[in-house]
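Quick look at what TrEMBL lists:
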| type | residues | note |
| --- | --- | --- |
| DOMAIN | A:21-237 | domain 'MacB-like periplasmic core' |
| DOMAIN | A:288-401 | domain 'ABC3 transporter permease C-terminal' |
| DOMAIN | A:432-623 | domain 'MacB-like periplasmic core' |
| DOMAIN | A:687-798 | domain 'ABC3 transporter permease C-terminal' |
| TRANSMEM | A:20-41 | transmembrane segment |
| TRANSMEM | A:283-307 | transmembrane segment |
| TRANSMEM | A:328-351 | transmembrane segment |
| TRANSMEM | A:371-392 | transmembrane segment |
| TRANSMEM | A:425-445 | transmembrane segment |
| TRANSMEM | A:683-703 | transmembrane segment |
| TRANSMEM | A:739-758 | transmembrane segment |
| TRANSMEM | A:770-788 | transmembrane segment |
Amino acid sequence: MNRFALLSLYRSLTRHKLYATLNVGGLAVGIAVFLVLGLYARFETSYEKWLPRHDRVYVAQTVWNLPESPFNGAYPYTMGGLLEQLREDFPGVVGTRIRGGRNGGTVIRGGVATSADIAQVDASFFDVFDLPMVRGSGSALRQPANVLISETLARRYFGTSDPIGQTLTIAVDKAVNYRVAGVFRDLPANSDFRISVLVPLPAAPPSEQWFHWGSSSLQTFLRFDTPQAARAFEQKLPPFVDRRGLADMGKDASRIQQIKLLPLTRMHLEPAGSESASAKITVVTLAIVGLLTLLVAIVNYVNLATARANVRAREVAMRKVLGADRLALVRQFLGEAVLTVGVAALLGLILAELSLPLVNAAGGLSLTIPYALVVPALMALTLVVGLLAGFYPALLLSRYPAASVLASARSPGGGRVGTRVREGLVVLQFGLAIAFMVGTAVLVAQTRHVRQSDLGFQREGLMMLLSTRDSLVGADRTRMIAAAIRELPSVRSAAIGNNAAGGSGEDNADNVPLPGVAGDGPSLRWIITGPDFFKVYGARVLAGRVFDAAHRDDDALARDMASGINIVINRQAVSTLGFRSPQEAIGKTVGGKRPRTIIGVVEDMRFFSPRQPNSATYYVYYSQPEKAFTAVVSIRYTGDPRVTMDALRTIWQRSVPQVPFEAATADTQLTKFYEADDRATRLFAIGAGLAVLIGCVGLWGLASYNTQMRIREIGIRKTLGASSADIARLLVGQFLRPVLLANLVAWPLAFVAMRTWLTGFDDHVALSPLFFIGGTAAATVIAVLTVLGQSLRASRAAPAWALRHE
Amino acid sequence: MIRLEQIQRRYVSDEVETTALRDIDLAVSAGEFLAVMGPSGCGKSTLLNTLGTVDRPTSGRYLFGDQDLAAMGEKALARFRGAMLGFVFQSFNLIDELTIEENVALGLAYRANGGDRRTRVSQAMDKVGIAHRARHFPHQLSGGQQQRAAIARAIVGDPKLILADEPTGNLDTANGEQVMNILQALNEEGATIVMVTHSPSHADMARRRIDMLDGRIVASAMRAI
Ligand SMILES: Nc1ncnc2c1ncn2[C@@H]1O[C@H](COP(=O)(O)OP(=O)(O)OP(=O)(O)O)[C@@H](O)[C@H]1O
Ligand SMILES: [Mg+2]
């Protein structure tokens, strides 16, 4: 590139301001979208990769395979004593357990308890998780009275004074004094571990279920030096499960439960149990959106650049006449293109940096741009796109015989081939844009559907007191607290159960053998309910009746197992248990040795994530539900939730100040289920919107180029009798054809993608043709509006003027 | 057939006013072959464009038969051009993306009733001797061939009036002669032609000649037969 080439590029960009803005701006926006979504995908796939030697760590999964159980699938949890049994059977195995984590216990200071992210771990924790230390060393965990805390916590508790040697009272199962022996660096955002306090697991098993096969209470991590070693170890596990699980699960235990090893870095996106792989799909989808947006922008850029290049044919011909050789011309065009793309890349980077706070807010993220990685990547991109965009015009123009360009009254338009190529690119671009619009519509419809769908209970005016789950509270106090709550003026009713809306309780299932059918029968989820439970939830009774304190038989606590209990089932359980209708189920007894008589059927109440299949459930009644292992109080209130919440807090502080208060409205609890999808939808919509915008910019630019090229033709047609309307139709029609063809690309793409996404939801909207027709209609309208203005202006031009135009 | 009365055409741009036509009174009768001559910039093209209704006079009356064209709307004028007029330009003005045949057929594209389009197109091409190039694109033809194609396009709709603006201006002598011969033959078959030219010998082939200067008609002479 010489001085003249630079000058000519600069002049061409500033002279054709609009063209330059569209061309460079479109590409910049595309690059920004790609950067932001790429950062998001990178963040989501970078979980635990900050950990030194993360590739050697595996999480032990418990994989359930029970007949028709709602719990089937792989979970990253195991029973408490798994590691001990593994160590006995496989000497030399390196691993650690993590019990607790987010709100895993309380720190008691000055008599006040506050929840903290406390984890109990093995002394070998640092052999697996080599957390960077600020003070002290990981080996301190070998002393049972030592505690390690995070930097933030050290600052909060001890300020500027030295934390080492200080005493901290921590309660997990019971309150114990620890000595601070070290400080570790805070865990980064891309970690599923929420740990700010590390204490050694107690020597004695802290729960009676510790060695019970089938229980799951903590996470077990193992370290292997090679993937082969991990795989070899995994092969030895089924016999181990058969041997060790014999007592609790019977013969061939490995048929119903297996232990698998999952690389630690895959844990974050791996679905648990029967959940669909939504997290994975979301990340992949957004990454694809980013890539496609970039592709649209590149297509756009190349398209506009080549279209423009034709206009410059005369310049090229002149340069040839003046003695420029082909190589020099090719160099000039490539250089120009690379330089222009470089400008766009820089702008894209600035745009991404500027929009990151917005995206972080919309997506609940905390992304930052890693310049060390992004800058070289953008440079590579600049080179590739620049060469791509410059290649065609460079070749086309440098090969075009100068004489014919100069002799003809017009520039070469690349002939029909050029027109076809450009049309093809518009088809591709609009195809993606339409697919994006359809996708956005489906996503928005589905997330709204989930938020508004009938959950089988009234979600407004419902609140849960969750802190009663803490074993320190005890049944007596729970009952007293519940009674005090019922007295509150804003509370209409309150009920205790071992689970509640939002799934914040105990989750149990067991097999229900069916009369006359061999085998263990299907596995059903079961929930303990106390008085008024169905009233609080406003459950709809489909047949029979719900539990009633007046029926003494209903109380499962008062009856022994062999004589049977009364149960209420949900709609789903009707068919699972083999009944044709709710009415038919009433009065029937199921359950083999533990007979359960169905007294009522209620509509499905969805306490759990909309991504989890709705499961067959039966409800059991305790007249004293506070005696259940886990108790959650569900409260039906009126008025401002804050008033009721404050009243609950007052009652709580009066009764059990040593346990941190925790309560939430049903809305808050359920929002947890929707958040991830809402976030993804917002990011998708932003990406799709920008992709459509870039597509429009491209179409606009192409239309303006095209109209420019055809002004003389318009004049000719007018002398031949064409009216303005004829001309406008001609010009708009020319762009409508590729836009309509684009549907052939868009519909199958959107259909496959959206069907895949929707199957992740148990309860989802139908993939109606309206979404597709709507997307097409929107794209058509946008396209017409985009080109209509110019077409009308061009069509009204006086023919005499148009004929003089060159 | 045509009467222009007191036609004025002024261009106003950036405070500069140019008067391209002043007080033009002109009558053209059916079957006439009229040549327009004059120095560059005197308003010949403007006059032709006015006759062709692609340029509107600032004031004055334009009667075509008994129709007052000044009173017609844009759409009606477009239909009028399609039905009544044929244009031939100095720079041919063929559409590059269309073949010769398609270019010629374009002359019928904006007519309500084109009759048997195929036959008319091939007849028009035969008439100017370009039929063997029907499938070619304009840039594959010589200038003379392109101009003959442009004439075929102008006559394919059987126009009442053919307007030719320096039709031989971009052609060499031989090709120019050929084009003039075609125009003359068309005139002999009954077509009315108004032609702008810089060549006195071509002007002599017309039956009447007018000279323009600075927007006015300064002389009008019939050719002695
Ligand atoms: N669109 C326009 N805007 C301003 N002035 C114009 C316009 N069109 C023509 N003119 C002016 O009107 C005058 C007549 O122009 P016209 O094109 O009719 O000349 P001409 O006789 O055909 O010349 P030539 O022999 O060079 O073709 C000229 O002075 C020209 O500059
Ligand atoms: Mg002229």
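Count begins at 1; order follows the chain as displayed.
Any Cβ shown, glycine's included, is placed from N, Cα and C.
These numbers come from a predicted model, not from an experiment.
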Subject >> Among the ranges A:20-41, A:328-351, A:371-392, A:425-445, the one whose Cβ pairs under 8 Å to the transmembrane segment (A:283-307) are most numerous >> reply: A:20-41
Original post:
Are there at least 3 C-beta pairs under 8 angstroms linking the transmembrane segment (A:683-703) and the transmembrane segment (A:425-445), leaving out pairs fewer than 6 apart in sequence?
Top reply: yes
Original post:
Taking DSSP states H, G and I as helix and E and B as strand, how many residues of the domain 'ABC3 transporter permease C-terminal' (A:687-798) are helix, strand and coil?
Top reply: 96 helix, 0 strand, 16 coil
Subject >> Within-chain partners of the transmembrane segment (A:683-703) [C-beta distance under 8 Å, separation at least 6 from its ends] >> reply: 19, 22-23, 25-26, 29-30, 32-33, 37, 40, 285-286, 289-290, 292-293, 296-297, 299-300, 303-304, 307, 359, 362-363, 422, 426, 429-430, 432-433, 436-437, 439-440, 443-444, 731, 735, 739, 779, 782-783, 786-787, 790-791
Subject >> Same-chain residue ranges lying at least 6 outside the transmembrane segment (A:739-758) that approach it to Cβ under 8 Å >> reply: 281, 285, 426-435, 438-439, 442-443, 446, 699, 764-765, 767, 771-772, 775-776, 779-780, 783
**OP:** Average the pLDDT scores across the domain 'ABC3 transporter permease C-terminal' (A:288-401) and report the rounded value.
**Re:** 78
